[in-house]
Amino acid sequence: MAATTAALSGATMSTAFAPKTPPMTAALPTNVGRALFGLKSSASRGRVTAMAAYKVTLVTPEGKQELECPDDVYILDAAEEAGIDLPYSCRAGSCSSCAGKVTSGSVNQDDGSFLDDDQIKEGWVLTCVAYPTGDVTIETHKEEELTA
C-alpha cells in the first residue's frame with residue numbers, strides 16, 4: 001500500500017494511517033437515564049425526580065394480562081408496547097372506544113374530556129389518557145356498557 005501525502009495550507013501530512021471511512025459513533029438513546037436508573041429529568045434547572053412504575057392488570061376478553069406501566073405513560077401505550085391489543089380510536093380522551101372500568105386501584109385521566117365526573121366516580125376510565133397512580137386493575141372492552 002502506497003502512502004499518499006496531502007498538503008494543507010503549507011503543512012504536509014501523511015495519510016498512510018488515516019482511516020478510509022470516518023469512525024462510527026453510537027448515539028445514546030435520549031431516555032437512557034430513565035431506562036437504566038428509574039429517573040426522569042425536569043426541564044427546570046436540571047432537577048431529577050424518581051419515576052414510579054405500577055402493576056396494571058387488564059381483564060380482557062382473552063383473560064387477565066399484567067404489565068408494568070410507568071406513571072408518565074398512558075396505560076393504552078404501555079399495553080400496546082407489551083403486545084396487548086386494546087380497542088382505541090381518537091387517542092385523545094374525546095371518544096369512548098378505549099373505555100374500561102377500574103375495579104381496584106386508581107388512575108389519573110385529567111387529559112380526557114369525554115367522561116363526566118359521575119362516570120369517573122363510578123370507575124369508568126379511558127385507557128388512552130389514563131396514567132396509573134398506583135397498582136390498578138381495569139376491565140377493558142367496555143364501550144358498549146358505558147354508552148348503553
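Backbone N, Cα and C define each Cβ position, glycine as well.
Annotated features, as they stand in Swiss-Prot:
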type	residues	note
BINDING	Cys90, Cys95, Cys98, Cys128	[2Fe-2S] cluster binding site
DOMAIN	54-144	domain '2Fe-2S ferredoxin-type'
TRANSIT	1-51	transit peptide
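Sequence features annotated in Swiss-Prot and their locations in the structure.
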residue	record	Cβ within 10 Å
Cys90	[2Fe-2S] cluster binding site	15
Cys95	[2Fe-2S] cluster binding site	17
Cys98	[2Fe-2S] cluster binding site	28
Cys128	[2Fe-2S] cluster binding site	26
Original post:
Over the domain '2Fe-2S ferredoxin-type' (54-144), what is the model's mean pLDDT?
Top reply: 96
Original post:
How does the domain '2Fe-2S ferredoxin-type' (54-144) divide up by DSSP, counting helix, then strand, then coil residues?
Top reply: 17 helix, 32 strand, 42 coil
